[in-house]
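Quick paste from TrEMBL:
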TRANSMEM  A:39-58  transmembrane segment
DOMAIN    A:41-265  domain 'Ion transport'
TRANSMEM  A:64-84  transmembrane segment
TRANSMEM  A:105-124  transmembrane segment
TRANSMEM  A:166-188  transmembrane segment
TRANSMEM  A:200-221  transmembrane segment
TRANSMEM  A:233-259  transmembrane segment
DOMAIN    A:383-630  domain 'Ion transport'
TRANSMEM  A:385-403  transmembrane segment
TRANSMEM  A:415-431  transmembrane segment
TRANSMEM  A:443-465  transmembrane segment
TRANSMEM  A:501-526  transmembrane segment
TRANSMEM  A:604-631  transmembrane segment
REGION    A:714-740  region 'Disordered'
COMPBIAS  A:714-723  compositional bias 'Acidic residues'
COMPBIAS  A:725-740  compositional bias 'Polar residues'
Number of protein chains: 2
Amino acid sequence: MNVDFDLAAVYVSDAQYNRNIFFDTTPEAIRLYLLYNHWVLRIVVYAFIIADLALAIFEDPAVIPLPIWATTLIELVCLAVFTVRLVHYAKVIPRERFWKDPKNICIIVIILLSLVDMLIYGSLKATGYFAVRWSRVLRPLLLVNVTEGRQLRRAFRSIRNALPQILYVFLLFMFSVLMFSLMALKLFGKKGLTTNDGGAYFNDYLEIVFDLYVLVTTANSPDVMMPAYNSSVFFAVFFIIYILINTYIFMSVFLAVVYNNYKKYLKEEVRQLVRAKRHKMVRAFGVLQERKGEEGPVVTQASWNQLVRLVQPDISNAHRELLWSVSDDSNKGCIGKVAFVQLADLLNMQVIVVKSRPHPLQMWLPSLYLSSPSRLICRMVRHRLFVYAFDLIILVNAVFIGLDEENPLIANAEWAFLALYLLEILLKLYTFEPRAFFSKHEFWNWFDTVIVISALIATIINSVLKSSGGYTSRQILDIVFILRVLRLIRVVDSIKRFRAIINTLIKIGPTILTFGQLIVVVYYIFAMIGMELFKGKIRFFDAESTDPEKAFCGNPLLKNSLFAKHNYCKNNFNNVVSSFILLLELTVVNQCGFTAVTHVSARIFFVLFHIVVVIIIINIFIAFVLEAFFVEYTVDKSNLQSCLEKKIEELELGVKQDHLVGNLVDAMETDDNDMGTSESTKAKPALMFKIASKRYKTVDGLLQRMFEADLDPEDFAEDEDFDPNNPSNVTFPNPNFDSV
Amino acid sequence: MNVDFDLAAVYVSDAQYNRNIFFDTTPEAIRLYLLYNHWVLRIVVYAFIIADLALAIFEDPAVIPLPIWATTLIELVCLAVFTVRLVHYAKVIPRERFWKDPKNICIIVIILLSLVDMLIYGSLKATGYFAVRWSRVLRPLLLVNVTEGRQLRRAFRSIRNALPQILYVFLLFMFSVLMFSLMALKLFGKKGLTTNDGGAYFNDYLEIVFDLYVLVTTANSPDVMMPAYNSSVFFAVFFIIYILINTYIFMSVFLAVVYNNYKKYLKEEVRQLVRAKRHKMVRAFGVLQERKGEEGPVVTQASWNQLVRLVQPDISNAHRELLWSVSDDSNKGCIGKVAFVQLADLLNMQVIVVKSRPHPLQMWLPSLYLSSPSRLICRMVRHRLFVYAFDLIILVNAVFIGLDEENPLIANAEWAFLALYLLEILLKLYTFEPRAFFSKHEFWNWFDTVIVISALIATIINSVLKSSGGYTSRQILDIVFILRVLRLIRVVDSIKRFRAIINTLIKIGPTILTFGQLIVVVYYIFAMIGMELFKGKIRFFDAESTDPEKAFCGNPLLKNSLFAKHNYCKNNFNNVVSSFILLLELTVVNQCGFTAVTHVSARIFFVLFHIVVVIIIINIFIAFVLEAFFVEYTVDKSNLQSCLEKKIEELELGVKQDHLVGNLVDAMETDDNDMGTSESTKAKPALMFKIASKRYKTVDGLLQRMFEADLDPEDFAEDEDFDPNNPSNVTFPNPNFDSV
């Protein structure tokens, strides 16, 4: 029987985390599968992927040069790890499924190509030939194709699906740019105008196309129009119409198309996810079901308990009983399929268990802790004025930070502020139960404590260094400064409207991480190509350097160029770090002085980068932020959530919250004001719950919530005729992701 | 009885155009009201508003200086016209309503203040004192407060309503900028770094705040980070985090907040509009109703016909009969209230009447026109290959335009192309009925003809000038070039996907005009203030000028500044035209070299401009484009439209259309391909209809359509208990627009 529970637990866990892996159901395969999903192994894989990507720091052109044999060795180890992981995966799922899945093929191809490239590169280098490590471009694709890269694959899929629509708008946009360029050529080409640095103005068609394309990114505005505008006011009309049409209208249309398609495809994907989740839960139900009376198959509380304990070993008994009482609403001791299927969503709902314990001091020194001065202190700390007082202190502190810290008075004031902050934390610890104060969800308490203690340590180290040798470490001082300013952020938490906006931003945080990965993949590919194209073309000289080449970044082609004049020499592709920083700058403003040092065709690189990053990825990012805010504005709680809340209320185990103003408000975790005001004297139950209502453990949860309102409620119906004795006749839609 | 029809016609016409004016119902007042709404008077008012605004061109600092008495005289005439218009309005509506309406008060105040200002300015100037024409800032508010400025008032209202939400995000955003600035001050202030032009880097708090604010607009990226980045790679992290949070996340949040609020308030406004429209239609029904049988009050076809003829004198009989047959679906000769209320929407639906007439040549020379060579020509022109052939010619033409036009071969080729285009138009006129070819909705036919004929005329004038005196007029040549390139746009119409996108863009055109007015109001106010602050501070020198002051734009403060180096001298506030162009540049990229010539506090002007224009207005513009595209993607036809289409089909009077691919397709008016393929030989009815389905006569129509799906269908129900004998007990919600 134990194996069955394992199988059911795997199904539930897969449903909970939206894993779509079609594993073998033999006990051995299940054990392997559990191992495969173990968090340690997953972290190891990610660590090796990061190591593999980080190799670019050590490979030529390197930030920190390492010999080729060393980097090759590390890369071989990484590739070995990926191979082992893949073999493990192959053992878990049926063979024919393994070979059908494009992401496995993709990983195999990447590993093989990397090996081939290393061989070629090594032998070419050994014989002294010129060699390019072209397979480095493939490395970030590992991030996409590992089993855990679901979110990333989904993002790429939605981009790919939106591409045709984007393409049509892009072609129309390019047509418009080409037409305007032709008009500019005819209007300005023969006028004999000169640009600011004396070159001919608008007399080469391709130059014009490029200049006008860059104008869309606003990078060369108003420089590009100045010669024409200086010659006649009427010519400005040309540029105004151009900017209106191409910068404002077309860029908005891009956003509209990307947004619309992104939403459409994501909705479809999430619908499939939900369907797959229900399939898996129905399977788990099939494993555990028993016949009991005439009610059809049910799962008993005993089996359910064992299952939940297996799926989530760290769940508290109270929490588990709460979940059961939500599922088994009518208290029959067993639940049917419909109630069972909710389990995955119930487990994903973040219920915070608040244990109401007496303060440890009350246990150890009851007479002192319950004495009237002590009670006064507690009442004082809980008072709203206490919060206001410290907000005021923070503001005064901000002014002091802004003042010159070499004034001894101000330097000493810093110690006073530190002391005050420490006092605040100690007082709070005295008043509130320390374990509650430092519970997992009290973000601002943690934030305060960490910042204040680090600031204290750093300030002490700094003073010790200063007084001992008279020497001040710049790095430590910088850290001290940063910590001091960070402390001020806390003031935001006192203003409810701000807290609301910040909570929404925190909520979309995990998804921003997915975009972070997306950006890393794209940047990495462009950085690798850029380094091969432009490495060493531009050199950076230190501020102290007196090298005459400093005036033109070590490249005579840049003599008198604006690039050198603006002192942009450090914006180069000489190593992977400066490449990433440069690509970020290009994302913000697409300035491309680089084309001067190579062939004009290098501009294609910059235009391509702009299209991929700015037109597509940034727009998807904006679309996501928009959608997340609209969800916050409009979507109500899910049914299940209301059920859970109702149940908590029924059991009178709820934590009463201030009803906060504003639409966006969800101040559960950040509510230390709460503690400050609730001077409840009546006995509370020893255990209370609150729901971290709108924060989801997984990105999928947020996405699902986004589109919940649109999801077909009939989706569940089609699972009713699912045969639990023959689970293999339902095929999980394994996301078919063709290699990027 | 005639008066009743007038009254009803006024109600219907008000409902059709969403006018919310509460006029007196005496016959005299109605006559005055009709006069008030006459298009000539409205155009006159707008002409005088434009004249009043255009005065800025002639007033000091002037583009074309006029003596003060002349501009004063013109302004007095303008003010007189506005006063007359206002008096007229006061005669139309009840007195207490007139004084309750803030827009009337606003106009009176503007007129009075202008008079006071003119007096003060005149007397100060006469006595030789310094004087400022401060009332010029008020002028654009006339545009907002005239009766016809409904769209504009609505736009301002939705901005005002969204302000509190925007404010909270803005405060948080400013808090973030201030925190980062403080951190930057502490990190970089003492490092002794220098900017590119040798100044101290980041050592003044307010400077840093300003620099970092400008970084959000991306105008000074990457310059502002280069000194820190040059000093250490780690400092780049500071800027990366800053850009991520403030440029990407906060700007997206602004868009989200603006978008959401804009949508929310607009929806509410449109709901009120629809309700007011129904009220008015119910009143018109109350005027015309007769009791007939037991069906309750009805309107007979005769009254209905007379009403429609009054409301829309230019409607064709056939069109009117079609509308009646839609309203009176069961052919009873009279319609009830529900059917009658639809009339306003029916009249707003653009039905194109296609008269199938024989070609005039067929009437005059039937033997020639119906001969087989003539028929062959017609068949040829109708063939799809004919379109392709001319697309190819256009592309070849594009290449020729790109080549050097001083080559005689190419100059002559231009004549050949012109001849070909003329031939195309003549052939089409030969094949298709000329009145159908030049009907109101055949946009591309008109476009082609106008462009080709203008190009022909301009080219002839140009050659005549050239051959006679050897002198080529630059202006005429420029026009010829522009016309030549514009001709090429036609190729877009041949690609269905492009046509679809373009049609959507054309559809949102009228609303873009509302935004245009909004922008003009805001720009005008900023231009007036900017001119007072900065006029004459910077001088522009011609390219030929050898004045030594040219190197620093005539202001020693700009010596060696980047502003002068980039040759931006023409970006100044010296007159209203260059102010507008400069403000447009500031909208695109907020560079503000101006602060060097005045006090640092002038930066407030630029920051304020950025907040108002970029953060609020541009975001509303983007929101509108997004919404319009989503509507195109998702909204189906309205019920009424389907009814009308069904009726047209029933009567077999429909024009068959190609079923075009794509979501966005609405190719009615642009469908000249259609003609090329339909070689129908069977007799067509002499009259056919098609609905210009998605194009609306008024912006209100589009807005209403946008939110139609969300409109409460019960809105109508509450009108049922409306008492037609006592219309005054229903108060129209006159949009209460407090002065901006």
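Keep in mind that glycine also has a Cβ here, set from the backbone N, Cα and C atoms.
Mind running through what each feature is packed against?
With a threshold of 8 Å between CB atoms, the same-chain residues lying at least 6 positions outside the transmembrane segment (A:64-84) that come near it are 44-45, 48-49, 51-52, 55, 57-58, 107, 111, 114-115, 118, 122, 125, 142.
Sequence-distant contacts of the transmembrane segment (A:105-124) (same chain, at least 6 residues past either end, Cβ-Cβ under 8 Å): 68, 72, 75-76, 79, 82-83, 86, 99, 130-135, 138-139, 141-142, 145-146, 739.
Listed as Cβ neighbours of the transmembrane segment (A:166-188) (distance under 8 Å, sequence separation of 6 or more from its ends, same chain) are residues 201-203, 205, 208-209, 212-213, 216, 227-228, 235, 238, 242, 245-246, 250, 253-254, 257-258, 261, 611, 615-616.
Only residues 6 or more beyond the boundaries of the transmembrane segment (A:233-259), in the same chain, are considered here, and those with a CB under 8 A from a CB of the stretch are 162, 165-166, 169-170, 172-173, 176-177, 180, 183-184, 187-188, 212, 215-216, 218, 221, 224-225, 615-616, 619-620, 622-623, 626-627.
Residues 410, 413-414, 417, 420, 424, 484-485, 487-488, 490-491, 494, 673, 676 of the same chain sit 6 or more residues outside the transmembrane segment (A:385-403) yet have a Cβ under 8 Å from a Cβ within it.
With a cut-off of 8 Å between Cβ atoms, the residues of this chain six or more beyond the transmembrane segment (A:604-631) that come close are 155, 158-159, 162, 166, 170, 210, 213, 217, 254-255, 258-259, 262-263, 504, 507-508, 511-512, 515, 518-519, 522-523, 526, 529-530, 533, 583, 586-587, 590, 592, 594-595, 702, 705-706.
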Give, as a single whole number between 0 and 100, the mean pLDDT over the domain 'Ion transport' (A:383-630).
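A mean pLDDT of 83 is what the model gives the domain 'Ion transport' (A:383-630).
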Residues sitting near the transmembrane segment (A:200-221): Cβ under 8 Å, six or more positions beyond its termini, same chain?
177-178, 180-182, 184-185, 187-191, 193-194, 227-228, 239, 242-243, 246-247, 250-251, 589-592, 600, 603, 607, 610, 614
